[in-house]
Amino acid sequence: MAETTVKEFAQTVGIPVERLQAQLEAAGLGRRDDGAALSAEDKATLLAHLRQGSPEQEEEGGGSDGSPKKITLKRRSHSQLKMPAGRDAGSRGPRQTRTVNVEVRKRRTYVKRSDIEAEEKRKQEEAEEAAAQLERALEQEEAKREEDAAEAQRAGDTAVTGGDEAEQAPSEEAAPAEEAEPSAADAEAVEESGVEVQAAEPEETAADETARAQAEALKEKPKSQQDEAKKREEERERKRAELEAKREREAEERAQRKQEAKPKKKKAEQPAGGRGAGARRGGKKRGGGTAAKQLQQEFERPTAPVVREVEIPETITVAELADRMSVKAAALIKEMMKQGVMATINQAIDQETAAILVEEMGHKPKLQRDDDVEEELLRQGEQPEGEQIGRAPVVTVMGHVDHGKTSLLDYIRRAKVASGEAGGITQHIGAYRVEGENGSATFLDTPGHQAFTAMRARGAQMTDIVVLVVAADDGVMPQTKEAVEHARAAEVPIVVAVNKMDKEDADPNRVKQELSQMEVIPEEWGGDVQFVHVSAMTGEGMDELIEAIVLQAELQELKAVKDCPARGVVLESSLDKGRGPVATVLVQNGYLHRGDTVISGTEFGRVRALVDEHGKRVNEAGPSTPVEVLGLSGLPDAGDDIMVVEDERKAREVAESRSERQREKRLAQQQAARMENLFSQMKEDEVSTINLLVKADVHGSAEALRQSLEDLSHEEVRVRVVSSGVGAITESDVNLALASEAIMIGFNVRADAAAKRMVQEHGVDLHYYSVIYDAIEQVKNAISGMLEPTLEEHILGTAEVREVFRSSKLGQVAGCLVVDGVVRRRNPIRVLRDSVVIYEGELESLRRFKDDVNEVRAGTECGIGVKNYNDVRAGDQIECYERVEVQRSL
């Protein structure tokens, strides 16, 4: 091996030169300079010296045998990194680099493992010895505590059974009790310290010098003695377990004896305080140490699901329903999705859907009604109690349009109402009170047009007698049959008035025969229906008709309660510009006074004025009296009940409740419709829609017009009435029509000045109508214009194939004779064989001799080339046809 210098060797080993020189001097090699040479023998001598140990190594933890316990090695390494240097903003050219010197220092320490294991073993043995000493102390304390507890128990039993001794026992037991408590506390402290000794390091324990000495002695014992110590430790563990079990059994027995001795204690207890009470409390502490631990309460998970009774109103939101079931809204929405219902957290659902969801979630639904206050009001008005008086009959005149209902009533009233109606047809329910020699009667005139079915149904429900007017020259018509059905549904008697008897073609027997087919049998034919022949023009039979009505009313014995809150029904409602909402009301029971608080549907208010059919203001209206009521908060629906209530606050509450319930139901229905039509809406682009906005003079007309227009909907064109209302057309109506691109229809109403200006500025489509026929017909024509036209095929002519030729230019050519009609060049054709279509296509060529022609008529021969078809045979027929677009209509 080549010799190295001291400095080179120091760099190789990784230690300072000064330290290497000191080690060489300590090894007896003398002090050497940095450049002095080191031979292989010098290095071996230095290594032997280092292995034997040196004072420096002894300081670092060298062993007594000369071998080092810990060796620390240090190394250094140098390297260079080239990094790009910064460049000025104005400079150009390649980027400069700079060199960075890097020095890495490493230090590793090696420790002798055998010494570490010996140290850990020593510490563990010391901990075991300390634990054994503490265990012995614990056993002594437990034995002492058991003796004290047994002595206290004997003293307690003596106190329970003794009479006078019970008073002396507390004072005698006070001292042992006070002594027993510290001992128990000491025992607990010992237990805690024992746990800490086992868990902590030996240096952190409270072991003293004696424990360490015993541990050292234990280390020097032979292996047999260690086995004996292990057996003794196991024996101590077993005894401690037996002692613990015995203590628990005794505690249970003491608790049972105390439970049995409770009645005796109550007899033996004397009212005493101070020391005696304290002794009793101390006795409880002594006896209940272990029992207190056993009686400690713990939370137990429910083994069965909690079933709740969930109250469900008529409409409820998803969030509220989830809250009532104590589940998360997300879980409820997930369950709804399983049921096929898509909903949001704030969406309202109906009662039936909510009940199904509650059952699916494992709870019990309880259906709840929101109209308790409303039912109370209805019960008050259903059975009015009080003095009953006779009332005038309510007579409804029904029949087909143009059969003379209003003219008949005009003659009875001596008025001209029919001439004032637009188009000469009735479009409102008219209520009139007629005074006669035989008494008074209230007549209701209903529309006969098919659009007013709801009006006729309402008229039949609120009447006592139905006068069915049938024209003698026209017979039974569709609305006549409908009127009979309404009367039967309402169980109202019918009086038939065969009108227009003054005409030459009048045939009353035909009317009787047609009505008898509907089971309306005249009295002269053995039935129970009165037939009266009348004429509204000449007045023929009017007295007989009134007599028949009076007779029918007498048979019914009509009564009404006089002294009760007034109750009636709304015949019609309209919005008057000067008077506000106006409701035409037929009073049925009680007297309606000015100033009464009334409620009708979702509207309420105080009666400001009462106006009769002649336009005069009255202070009250009795049973069977039609009257106009002013003062309601809004327009009630026709057919709604109206009743007087004493408390205006209750009326407001019921009206608001009805309005809210109606709104929620409407929202729920709209949402349900959206869900049901989810897939049909995907094809909505293919369906055209006509949006309409309807304003009418009265509620009944608006309702009839809206229903009639919506019934015009077609599978290709849908009619949607975005809004319908009562009153003049306002600026807000025009804005709504602009937003929804709707056509505005004014039925017997006009637009105000602001609305007219907006209509002219924005070009809104606005139409005025006074006859319902015209409005329906106009919309029907608009729908027909939006329908896609159909294609119909018209056969132009037929040619019979006589011979088939082959051409170099055209291929197969059929020599034909046109037997019917005309064959044109640019029209489609069909090839028929044995009257069966085998090919559909078009002509490629049509020639007469050698000339191309556009058409060939019947009886003329021609040559026909069929495009893309080469299987024409003699005897086939070539049919020429055209497709024509035909406009569809409803």
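From the backbone N, Cα and C atoms, a Cβ is placed for every residue, glycine too.
Quick caveat, the model's predicted, so the values are computed rather than measured.
Annotation comment: Swiss-Prot describes 112-125 (among others) as compositional bias 'Basic and acidic residues'.
What Swiss-Prot records for 136-147 (among others) is compositional bias 'Basic and acidic residues'.
Positions annotated as compositional bias 'Basic and acidic residues' by Swiss-Prot: 217-262 (among others).
Residues annotated as domain 'tr-type G' in Swiss-Prot: 390-559. On the 0 to 100 pLDDT scale, the domain 'tr-type G' (390-559) averages 77 in the predicted structure.
Swiss-Prot lists 399-406, 445-449, 499-502 with the feature GTP binding site. A sphere of 10 angstroms centred on the C-beta of Gly399 (GTP binding site) encloses 27 other C-beta atoms.
Marked as region 'G2' by Swiss-Prot: 424-428.
A sphere of 10 angstroms centred on the C-beta of Lys405 (GTP binding site) encloses 29 other C-beta atoms. Applying an 8 A CB threshold to same-chain residues 6+ apart, the list for Met501 (GTP binding site) reads Ala472, Pro508, His533, Val534, Ser535, Glu540, Gly541.
In this structure, Asp402 (GTP binding site) belongs to neither helix nor strand by DSSP; it is coil. Just so you know, the Cβ of Asp402 (GTP binding site) picks up 16 other Cβ atoms within 10 Å once every protein chain is counted.
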